[in-house]
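Working notes for the structure below.
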Amino acid sequence: MAKEKIVLAYSGGLDTSVAIQWLVESGYEVIACCLDVGEGKNLDFIKEKAITVGASESYTIDAKEEFAEDFALIALQAHAYYEGKYPLISALSRPLIAKKLVEVARQEGASAIAHGCTGKGNDQVRFEVAIHALAPDLKVVSPVRDWKWSREEEINYAKEHNIPVPIDLDNPFSIDQNLWGRSNECGVLENPWTTPPEAAYDLTVSLEDAPDTPDIVEITFDAGIPISLNGENMSLANLILTLNEIAGKHGVGRIDHIENRLVGIKSREVYECPAAVTLITAHKELEDLTFVREVAHFKPIIEQKISETIYNGLWFSPLTEALVAFLKSTQKFVNGTIRVKLFKGHAIVEGRKSPNSLYDENLATYTSSDTFDQDAAVGFIKLWGLPTKVSAEVNSKVTITTEV
């Protein structure tokens, strides 16, 4: 009798390597699936390791461009910062990983999907809600959450089954990375009073070590999409990765955040997102130049809600679909180039230009070339202030008394 097939989201680390053997012992035929979303994984090594540990098949997928174009771009155009700080690094990759897991499951005829998330984090929610949205018929298994082992028990299990134990197990931090940034938690970071050590950072340098000379970059957008950096056309993934290096060496994008998790607990997170911060800053500036006032004032409401739905694992929900539709409808005229100075942790916009600019220098100037009709202001003020004036006239006739 053929074994039930299960597709495992495989990272190559201890948790998911142990999960392969545990699932095999539980009677499954395990198919491993690993994505590269810009963290620089050695896919060949991971593919081979999955087979060595016990998987019958191992898929490795280079998903950098898809992640950039279909997920990171939405976060960029939404200026997405959960709670005003977190640019949704891990939250963005989970729906793409879930999508690929479902695709592999369909291709292999699998009846279940497994992930390596714990029962305390947000990722278990993101994976399972996404999988159920895409494939309601598939069963979801969570070995790490189910077995409730300690780290020591996992290591002992790995040694008993000749599973290679990663050499970095003494690393005190829990790290997740993709091209949109790097997240870090655990270890000394669990004390919110502790200053993050430099060992917690990888994409950025400290302000003390940042160069004393800034870098000036020019980012060109077409319909809200970054298409070139300093005049060189690039794919979106390559542009983000290149900007991570340039902005990172100036210490741009360090974020230290106390975060309200979906599961109800607070966590202390340290993020590095040099490209994300720089691109969002530039994109927002271009919108300011090209948006009419009403759209500029309303869009932040949509941005906040998109940030929440993505963080909460609702990427494939009807609400997110509707919010993204509005978002995309605003980007048609977001065309132009933004000049940004990167210096000592800051991304500072110093210039902007657009063929769709709504800024009219002749209207804005106070020089003799002014074309603004100041006489029109009298009638505008009268009508604009009319409700306030009427209210004041009516209420000034009313005597308010207070009896004790």
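Residue numbers in this text run from 1 along the chain shown.
Glycine is no exception: its Cβ is also placed from the backbone N, Cα and C atoms.
Per Swiss-Prot, the features are:
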BINDING   Ala9, Tyr10, Ser11, Gly12, Gly13, Leu14, Asp15, Thr16, Ser17, Gly116  ATP binding site
BINDING   Tyr86, Asn122, Arg126, Ser174, Ser183, Glu259, Tyr271  L-citrulline binding site
BINDING   Thr118, Asn122, Asp123  L-aspartate binding site
Sorry to bug you, but what's the C-alpha spacing from Thr118 (L-aspartate binding site) to Ala9 (ATP binding site), rounded to the closest Å?
13
May I ask for the distance between Thr118 (L-aspartate binding site) and Asp15 (ATP binding site), taken between their Cα atoms and rounded to an integer number of Å?
10
Give the helix, strand or coil assignment DSSP yields for Thr118 (L-aspartate binding site).
coil
In whole Å, how far is Ser11 (ATP binding site) from Asp123 (L-aspartate binding site) when you measure between their Cα atoms?
14
Separation of alpha carbons, Ser174 (L-citrulline binding site) and Ser17 (ATP binding site) (Å):
17
Cα-Cα distance, maximum over Ala9, Tyr10, Ser11, Gly12, Gly13, Leu14, Asp15, Thr16, Ser17, Gly116, record's ATP binders, Å:
13
Could you list the residues of the same chain, at least six apart in sequence, whose Cβ is under 8 A from the Cβ of Arg126 (L-citrulline binding site)?
Ala91, Arg94, Pro95, Ala98, Gly313, Trp315
Could you state the CA-to-CA distance between Ser183 (L-citrulline binding site) and Gly13 (ATP binding site) to the nearest Å?
17
Have a look around Asp15 (ATP binding site) and count the other CB atoms within 10 A of its CB, chains all included.
17
